[in-house]
Each structure stands twice: as structure tokens, then as C-alpha cells.
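Engineer: The following block contains the structure, expressed as C-alpha cells.
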Amino acid sequence: NNENVSIAAANAITILNSANVNMHHKNWNKIKFLITNFTNANLDHVRFYQTCLNEVNFTNASMNNIYFGEYAYLEGHSDVVRGTQFSPDGTKIASYSDDATIRIWDISSRKQLHILEGYSNKINAVRFSRDGQQIQLLEGHSYFVDSVTFSSDDSKIASGSWDKTIRIWDVSSGKQIQLLEGHSDRVKYVQFSPDDSKIVSCAKDKCIRIWDLSSGTQLLLLEGHQRGVTGVQFICNGSKIISYSKDSTARIWDALSGQQIQLLEHMGYINGVQVSPDGSKALSYSDDRTVRIWDLLSGKQLQILEDSSAVETARFSFDNSRVASGSINGTIRLWDVSSGKQIQVLEGHSKHVTSVEFFPKESKIISCSYDRTIRIWDISLERKIQLAEEYIDVITTVAFSPDGSKIVSGSKDKTARLWEIQSGRQIQIFEGHSDCINGVIFSPDGSKIVSYSYDITIRIWDVLTGKQLQLLEGHSERVKRIQFSSDSFTLVSCSFDKTIRIWNVSSGRQIQLLDGHSDIVTEVQFLSDERKIISCSYDRTIRLWDALSGKQIQIFEGHTNFVRGIHLSPDNSKFVSYSWDNTIRIWDISSGKQIFLFEGNEDVTEVRFSPDSTTIASCSKDKTIRLWNALTGKQIQILKGHSNAILGIIFSLNGSKIISYSEDKSIRIWDVSSGKQIQILEAHNEHINAVHLSSDGSRLVSCSDDKTIRLWGCDNGKIVDVTEDSVVDYIWKVGSQSGLSMKDSIWKNTKGLEDQQKLLVKQRGGTF
């Protein structure tokens with residue numbers, strides 16, 4: 001994690017290679033090589049699993065039997081890949097996508113054999129017949145078809161549709177032989193019983209229905225779910241049924257009586273359920289970031305596997321010993337079923353993972369994603385490749401200490417960490433939260449850190465000892481924002497629970513509850529006299545409160561949609577608000593009147609006053625920054641350069657510069673007077689979550705979904721004094737951009753690489 005150590009290691013490798021020291025049979029899994037020179041090296045049998053090879057020179061290197069741990073991904077789909085399925089003989093893969101195509105791939109060569117076109121909309125499901133042949137086009141549904149399945153003898157197909165019907169088709173003739181009507185909303189899933197005598201279906205109408213296949217009559221109606229049922233299947237040789245729903249539960253039913261036997265609960269939407277190949281267990285995966293393993297006989301929860309993001313997909317291995325899961329943060333995790341421990345993290349997808357499957361006869365996993373790729377991973381070394389160090393997850397927030405000597409960060413790994421500015425060394429780790437941390441701040445005196453989390457708590461920590469001083473509990477939903485008073489004695493918080501709370505820092509006691517907003521409170525700030533507090537809410541209002549009595553002083557009304565945020569002018573005479581009604585408004589605090597209204601500002605993500613209160617800057621998902629004269633209400637400048645949504649902006653201390661960060665993975669520095677972009681900082685390879693400027697303007701810190709924190713500096717002084725000729729770069733980086741990477745690596749005249757390995761190198765940014 002130390003950049004200097006990585007550079008030293010790269011230099012050492014380069015020197016050893018120059019001295020003709022043999023490099024073959026080395027295990028360099030997860031090692032970072034920065035600008036290493038492997039020219040003429042013998043790298044036979046070397047392992048480069050999940051290794052950073054950016055800018056490495058492999059010219060004339062020998063690479064017989066080299067191991068990367070993954071394979072060239074299958075390219076072809078032009079939109080989100082929804083899923084894959086193996087053919088019954090295990091020699092082919094079918095993939096289906098929002099691009100309205102199905103593609104058939106040969107597993108051994110990984111080449112595309114066929115592209116099946118003809119659909120006019122995205123494809124929701126694909127199934128191979130037992131003989132692996134395509135036979136018929138079945139037409140009859142009047143709306144989207146969400147589910148399709150073969151009977152066990154391949155003679156019939158059942159389909160369920162948004163037209164609220166289930167249809168049974170004869171495969172040989174392609175004719176519809178049954179129409180099953182009864183559901184009052186879209187049908188989400190259908191399945192044949194093991195003996196093909198019945199059909200089970202579920203729908204958005206909260207109901208599960210069992211049908212007699214020969215007569216088409218409904219046998220049972222299973223009710224109990226509180227929201228739409230998204231999946232259902234027969235288990236235990238057809239004697240039971242398992243279902244799952246948006247009500248955060250899975251339920252097991254008796255298929256003969258229709259009685260509910262077991263209730264399996266999550267804390268969020270359940271995205272899917274799978275029964276283990278031996279039929280003894282089931283797994284369920286959810287937006288609550290967990291995979292849960294259940295005993296089907298008793299309904300007892302056997303394991304809870306905790307991810308850092310919503311889990312979109314999960315599967316048992318064929319021997320029941322492992323589970324693979326894929327989440328919305330693009331990672332795939334491999335778990336041991338008996339212990340519940342994480343074995344491996346596979347990184348490479350850049351967007352949501354939509355499906356994972358184990359290969360039937362090989363130690364491989366296939367996955368697909370919103371990034372439009374299908375990837376194959378080798379998991380044969382999973383037992384040897386344990387996580388060598390604690391897995392550092394996505395960094396959600398970062399801030400400088402008041403004296404600029406330290407940085408605090410918060411992460412999806414449920415920890416806050418303290419870093420030394422000079423070296424990038426971790427000083428403290430603050431552990432106690434049970435969920436992702438979404439905010440951290442220093443107290444104005446620098447002695448304490450406060451963190452708040454999805455676990456609904458606020459925690460106060462001692463900077464020197466790392467010990468938790470106070471646990472602030474009271475909010476009933478997620479905390480949205482916190483702020484210290486200038487004397488560090490008091491803390492104010494706002495929440496999704498529609499309340500604002502004031503806390504005594506030393507005792508941890510709640511002093512006031514400000515109750516008046518009727519929807520989520522999105523922002524709260526002390527005014528400079530600290531006797532008043534200002535807040536805004538999704539209830540479309542901004543409110544001014546007396547901090548001592550807790551009473552509302554003033555209500556500012558005018559916005560016609562959710563108020564996303566507010567910012568006080570430095571002199572506290574005015575504030576600016578921005579809303580989903582596409583307006584920015586300036587208000588006078590003393591009179592309560594609206595001074596200016598700026599219209600036509602779609603998807604504004606942040607608004608800031610300049611230090612002298614004369615200028616307002618706004619940034620937006622439209623990729624622009626706009627500057628407004630706060631005295632006249634006129635637009636001054638539009639700053640263009642970002643290629644994606646801008647997430648936040650900061651004024652420099654003297655107001656001459658603006659710093660912005662964006663979903664385009666860049667940070668940009670702008671000159672306010674000319675509107676020109678003077679620097680672009682590019683190093684993060686994922687979405688930037690936060691940027692903070694040190695109190696003296698000399699340094700900038702950023703954090704990202706790429707799991708790194710970077711400290712930035714300028715070669716000729718402070719960040720805020722940069723010009724177009726200055727060199728701005730990161731001084732150090734902590735965290736690890738995991739996954740196999742080869743950007744700008746050179747592979748000229750390398751020997752021993754297989755064709756598929758060459759393709760993998762090209763896909764990852766290497767050149768031959």
C-alpha cells in the first residue's frame with residue numbers, strides 16, 4: 001500500500017533482471033509492479049494472479065506456461081449482459097442481453113459460434129433443452145415474457161408474462177396447448193413440478209398459484225407475501241415450494257396443502273434463491289448485502305455471508321462446498337459454505353455483476369455484467385491464494401484534520417482510518433460500526449473524530465488512543481449529515497427519519513430533538529452564532545431553528561420539489577438552496593425572503609458560495625459548472641470539460657480557483673476569472689466519492705470506488721496557487737486498485753503466450 005515501497009520493489013526487480021537473475025517459477029500474485037523493466041527476462045511458469053502490471057516492459061521476455069488466473073473475456077454484446085447458461089453437455093454457453101440478442105459460445109475455444117437475432121426488446125431468460133437444439137418460435141403473449149422453462153422431457157414449454165397469463169406450449173408443433181389465467185398482475189416466474197404434472201407460478205399480485213397441467217385448473221392459491229413475489233420453485237422432489245419476494249422474505253410451503261412451513265428473513269429485497277445440488281440447503285441473496293444459507297428441513301439459518309454492496313447473484317458449487325456471489329460494486333466473492341469464510345475476491349468487472357455460474361467440470365467461474373462483458377475466472381488456486389492482508393473496500397469519505405497533519409477516511413468495510421499526511425502511514429483504525437460508513441469529520445479542535453453509518457449510529461472517537469468515546473443512538477433511520485459547533489462541545493445531526501438532533505459531545509446525551517420536517521432531512525448546519533440551526537428537506541422546505549429551545553423560527557417556502565441541499569454565505573446573511581425542481585434560490589436569512597431564482601438548472605449536485613459571498617458556483621449531472629453573480633443574479637460563466645456528471649465543487653480559500661470532481665474519474669482545477677481549466681488530475685480508475693482541500697490550501701485529498709485514497713500536491717507551492725505550467729501529481733496513495741491490470745504495458749516479441757492470453761493482454765491495455 002506504500003507507493004515508495006512499490007517503486008523500490010520495481011527498481012529491485014529491474015536491477016536483478018539486468019544482472020540476468022532468473023525470474024522463472026515466481027509467485028507474484030497481487031504484487032504491484034510500477035514501470036518495471038522485464039526486458040529479456042525468463043518468466044516461465046510465473047504467476048501474475050490479480051497483479052498490477054501497468055507500464056511494465058516485457059519486451060523479448062519468455063512466458064511459457066504463465067498464469068494470470070483469468071481469461072480473455074467474451075466480447076460481442078452491445079448492452080447489459082443479463083445472464084448465461086451452460087448447455088447440458090457443458091461444451092457451450094448461451095448468453096442473453098439487453099441488446100436483444102442471444103449468443104452461443106464454444107467453451108474450449110471461447111469463440112462465438114452463433115448469434116440469435118429476431119427479438120425487438122431485451123431478453124429476460126434463456127433455457128437450453130436437454131438435447132441443446134433450438135426448434136420453434138412461440139407467439140401468443142401480448143406483453144413482455146419474464147420466465148420460460150422446459151418440462152423434464154422437453155416436450156412442453158411453460159412461459160409467464162406481463163400479460164398476467166401462463167401459457168403451455170407443445171414443443172414439436174409450436175402450438176399453445178393451455179392458457180392459465182388467474183393472476184391479477186404480471187407473472188414473474190413459472191416452473192414444472194419434477195413429474196411434470198403441475199406448474200407453479202408467482203406474480204406481482206403477491207400470490208403463488210399451483211396448477212394442474214392436464215386440465216389447466218388452479219389447484220392451490222398460496223398467500224402470505226406482503227409484496228410482489230419474484231421467484232418460486234419446487235423443492236424436495238416436488239413436496240415443497242420455496243418462494244421469495246420484495247417483502248424481504250423467502251418462504252417454504254407444503255405443495256400439497258398450501259400451508260406455509262418456514263419464514264426466512266432478510267433486511268432488504270431478496271434478489272434470488274438457489275437450492276444446493278444435494279437439495280439440503282438453500283441460499284438467498286439480497287440488497288441487504290448478504291448471502292444467507294438455510295437448512296431446508298428446519299428453516300434454520302446456517303451462515304450469513306456479508307458483502308459490502310447489494311448482492312445481485314449467487315450460486316452453489318456442484319459439490320455444495322462453495323458459494324460464488326456477485327454484487328453491484330463489480331466484485332465476485334468466493335465463500336466456504338461450512339465455515340462461512342470468504343476465500344477469494346475476483347475483481348475486473350467495472351459495473352454490476354448480473355450473473356455468476358460455476359463450470360460443471362472445471363475449477364472456473366463465469367460471470368457477466370452491466371459492463372457488457374462475460375468473464376471466465378480460474379479458481380483452482382483458491383486455497384493457496386488467501387487474502388494476504390485485510391481487504392480494503394471502497395472509500396466513501398475523506399477529510400483533513402484542522403491542522404492539516406492527518407487524514408481520516410471512512411469505508412464500506414465498516415471502519416474509519418486515520419492516516420499521517422507526511423508518510424501515508426495508517427495511525428489508527430476505528431472499529432465498531434456494523435455497516436458502511438457514509439461520513440467522517442474532525443472536531444474543530446482536532447482531538448476527536450465523528451463517524452456516521454448505515455447502522456443508524458453516530459460514534460465519537462479519540463484521535464490519540466483510537467478508542468470510542470461515545471455512541472450516539474436515537475435516530476431510527478440512516479444519518480444524512482452531521483456538524484460540530486465551533487467549540488467542539490456540541491454536535492447536530494439530521495436523518496432519513498425526518499428529525500434533527502443536537503447532542504452533547506462529552507456526555508453523548510441528546511440535548512434537543514427538532515421535529516417539524518415531514519420528509520427526509522438532507523442538510524443541517526449551525527449558523528456562526530451557534531444559537532441557530534438551518535436545515536432543508538425532501539418536504540420542499542428550508543427551516544431555521546433556535547438551537548437552545550428547539551423551536552422553529554422561520555420556514556422558507558418556494559421550492560416545488562425535494563430540496564437537495566443548502567450552503568450558507570460566509571457572512572451568514574444569506575443562503576443558497578438547490579432542488580429537484582431544477583432551480584437554485586438565494587434567500588435572505590433575516591427577512592426570510594427569496595432574493596434570486598435561477599431556473600433551468602437540471603440535476604444540480606452541489607452549490608457553493610465563494611469566500612467573499614459575491615459568487616455562487618453550481619455543478620450538475622449535465623457535466624457543467626455554472627458561476628452566478630450573487631449580487632445581481634446573473635450567470636457569469638459556464639465551465640465545460642468534464643465528460644460525465646460532476647459530483648462536487650470546492651472554492652479555493654481566496655476564491656480564485658474552483659476544484660471539481662466527477663464520475664469521469666477526474667479532478668479538475670479551474671480559474672474563476674477566465675473560466676479556463678488549468679489542471680486535470682487523473683489517476684483514479686473509478687468514480688470519485690469525495691475531495692477535500694487542506695485548511696492552508698497546500699494539499700488535496702481524494703477517495704474513490706477504486707478503493708484508494710490519494711494525496712495531491714504541486715511542484716511549485718500550494719494546490720490553490722497552481723497555474724497551467726505547474727506539475728500536480730499525487731504524493732502518495734493508500735489502498736490497492738485490485739484486479740489484474742496491464743494498462744500501457746509493452747509485450748513486444750514475447751515468447752510462449754497462448755492466443756487467448758494475447759487477447760487478454762490486449763483487452764487490458766497492453767500492446768504488442
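Think of each number as a place in line: the chain as shown, counted from 1.
Just so you know, glycine gets a Cβ as well, placed from its N, Cα and C.
Remember, predicted model here, so these are calculated numbers, not experimental data.
So TrEMBL says this about it:
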type	residues	note
REPEAT	74-115	repeat 'WD'
REPEAT	138-179	repeat 'WD'
REPEAT	180-221	repeat 'WD'
REPEAT	222-263	repeat 'WD'
REPEAT	263-304	repeat 'WD'
REPEAT	304-345	repeat 'WD'
REPEAT	346-387	repeat 'WD'
REPEAT	388-429	repeat 'WD'
REPEAT	430-471	repeat 'WD'
REPEAT	556-597	repeat 'WD'
REPEAT	597-638	repeat 'WD'
REPEAT	639-680	repeat 'WD'
Engineer: With DSSP, how much of the repeat 'WD' (346-387) is helix, how much strand and how much coil, in residues?
Structural biologist: 0 helix, 18 strand, 24 coil
Engineer: Could you give the residue numbers and ranges of same-chain residues that sit at least 6 residues beyond the repeat 'WD' (263-304) on either side and whose C-beta is under 8 angstroms from one of its C-beta atoms?
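Structural biologist: Tertiary neighbours of the repeat 'WD' (263-304) are 230-231, 233, 235-237, 240, 242-246, 248-252, 310-316, 318-320, 323, 325, 327, 335, 337, 340.
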Engineer: Which sequence positions outside the repeat 'WD' (597-638), separated from its termini by at least 6 residues, show Cβ-Cβ distances below 8 Å to it?
Structural biologist: 558, 564-565, 567-571, 573-574, 576-579, 582-586, 644-651, 653-655, 658, 660, 662, 670, 672, 675
Engineer: Per DSSP, what is the residue tally for the repeat 'WD' (74-115) in helix, strand and coil?
Structural biologist: 0 helix, 22 strand, 20 coil
Engineer: So, by DSSP, how many helix, strand and coil residues make up the repeat 'WD' (138-179)?
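Structural biologist: Counts, helix then strand then coil: 0 helix, 22 strand, 20 coil.
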Engineer: Pop the mean pLDDT for the repeat 'WD' (556-597) in here, whole number is fine.
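Structural biologist: Overall, the repeat 'WD' (556-597) comes to a mean pLDDT of 95.
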